[in-house]
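Let me begin by presenting the structure, written as structure tokens, before commenting on it.
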Amino acid sequence: MKVLSAGEMGLADRRSQELGIPEIALMERAGVGMARVILERCAPRRALVIAGGGNNGGDGFVVARELHRAGVEVSVLPVKEEYTGSPGTNLRILRNLGVRLIGPGELDAGLGTAEVVVDALLGTGVRGAPREPAAGLIGKMNAASAPVVALDVPSGVNAETGEVEGVAVRAGLTVAAHAVKLGCVISPGREHAGENVAVDIGVPPEADVKPAVEWTTAGTLRGLVPRLREPAHKYSAGTLLVVAGSRRMTGAAEMVVRGAQRAGCGIVFLATAGSAAQSLDARLTEALVSGVAEDRGGSMASGALEDILQLAERAAAVVVGPGIGLGQERRELVEGVLRGVEAPVLLDADAVTVLAGSEALARRTAPAVVTPHAGELGRLLGSGAREVSERRLASARRAAEEQGCCVLLKGSDTIVVEGERASVNSTGSVALATAGTGDVLSGIIGALASRGIEVYDAARAGAWAHGRAAEIWLERTGWPRESLVATDLLPHVPEALRELE
Ligand SMILES: NC(=O)C1=CN([C@@H]2O[C@H](COP(=O)(O)OP(=O)(O)OC[C@H]3O[C@@H](n4cnc5c(N)ncnc54)[C@H](OP(=O)(O)O)[C@@H]3O)[C@@H](O)[C@H]2O)[C@@H](O)CC1
Ligand SMILES: Nc1ncnc2c1ncn2[C@@H]1O[C@H](COP(=O)(O)OP(=O)(O)O)[C@@H](O)[C@H]1O
Ligand SMILES: [K+]
């Protein structure tokens, strides 16, 4: 699946036209391809096409013609009085064919009988929140009982960012011209798009564009994760220090360590609160567990820093955060790790939260990666979870710039940003929405970093393998997605990584 931003698609489109391919030829192939997908997937007897005033509406007219040709009873609502250019030509053909064109007054009846509603209202040309009458039409489409298929982009979704400024269509399927639009794989646009499919519209390779934001697949990662080769010993195979857990939170530490072990670490050291060490040592047969100084609540104390820095000297990477707890002492501990550790550091969970307002991360020059979910990133940025959820790519970019590090923003569309580089992960499942999966992810990324992979690549490869492990679990067990628990991922991490060889 190819993913391009709206701007990149516009460039591919312009270049194609400069090579002499007329706009109407591109529109023709787009509409023909889109109609074929609709016929194959939905096989409707009656369809309603809602067409806007731009080229997205033009695609809708071609789709209507093709559905009509296939024997579907089609009604078309054109929102504009007068059409010119390629959409105008295609509307004229519909008139000549006697395809039923309806006005707003007949919309409710059309929506009531249609088996598929085709959203051809707004595409990549939308600017700002939908105005009337578009906004009202979007509301009507969302209230329809029939499934909605969006052409190119669900109307109202920003194809560049995935942001939704006002209202937006909720489609079950989005059929894009040439490439899936970036805004359809980033939340919340992603949820509005439903399934994403792209159809070939005849853009020649000479006109194609390399995306600035990568859609991370096995293909873009292949060869990145090295095999263990002779000469090797456990230290050369990747040494990771995990700083995690507290008296009341031992599971997080266990899952980070296990994730790291299955992702190929030669040796994992765990530093944890003294009172948690005995039970973790018993559960983690292969790890080297150290109990360090803790406060009265059973969380690692700032006085543990010296021991932790000493352990870190033997490690090629450090993961800090899961289950460590909050408060001033944890903040001092995390700041101390950022100051004192030269090896790549991954900050997750509580370690991200305690850094709100701190300058330690921005000051650090050695490699670092933070792996927050929207809530944690909202605290780090001081903007709140809602702002992050509404503007995910921009928020991740802002944090990466302010903190001068790699940012992995978790979610259904895990986003990884560092400097100018950005990527969106292609694997995963809603099954991952369960406690502890983030800890497994930290372990995987930490392991890859300990094996010498730079943090941006470790983050995107780790996210990919983590999501792929969930997919493999679903395929293998056939169990309901609600039943996945985080440790189910562990046996599938090696299989996922093998797919990257
Ligand atoms: N070009 C090509 O070769 C190909 C392009 N392709 C297709 O074209 C699509 C892009 O077409 P596009 O650029 O014409 O823009 P499009 O998405 O139809 O929107 C423009 C219309 O929306 C309106 N409008 C804007 N903002 C609004 C708002 N906030 N609220 C309400 N209305 C608003 C705007 O109205 P205006 O602002 O002019 O009053 C205008 O009427 C692309 O997604 C793909 O489907 C394919 O056929 C392949 C070849
Ligand atoms: N709806 C979803 N679809 C796909 N992946 C999801 C979804 N919800 C959460 N995830 C993934 O699950 C993991 C959850 O991590 P996190 O929120 O840190 O949980 P925890 O702290 O309990 O381990 C992240 O990798 C995230 O990307
Ligand atoms: K649309």
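Don't overthink the numbers, they just go from 1 along the chain as shown.
Glycine is no exception: its Cβ is also placed from the backbone N, Cα and C atoms.
Listed by TrEMBL as binding AMP are K410, G411, S412, D413, T414; the candidate from G404, G436, G438 that the record includes in that site is G438.
Using a 10 angstroms CA-CA radius around G411 (AMP binding site), the binding-site residues that qualify from G58, T124, R127, D152, S155, H373 are H373. Local packing around the binding-site residues N55, S412, T414 was summarised as the count of other Cβ atoms within 10 Å of each Cβ; on this measure the leading residue is T414. For the K(+) site, the Cβ centre of N56, D119, S155 serves as reference, and the other residues of the chain with Cβ at most 8 Å from it are I50, G52, G57, G60, A120, L121, L122, G123, A150, L151, D152, V153, P154, V169.
Averaged across the domain 'YjeF N-terminal' (9-209), pLDDT in this predicted model comes to 98. Ranked by Cα separation from H373 ((6S)-NADPHX binding site), the binding-site residues D119, K410, S412, D413, G438 are led by K410.
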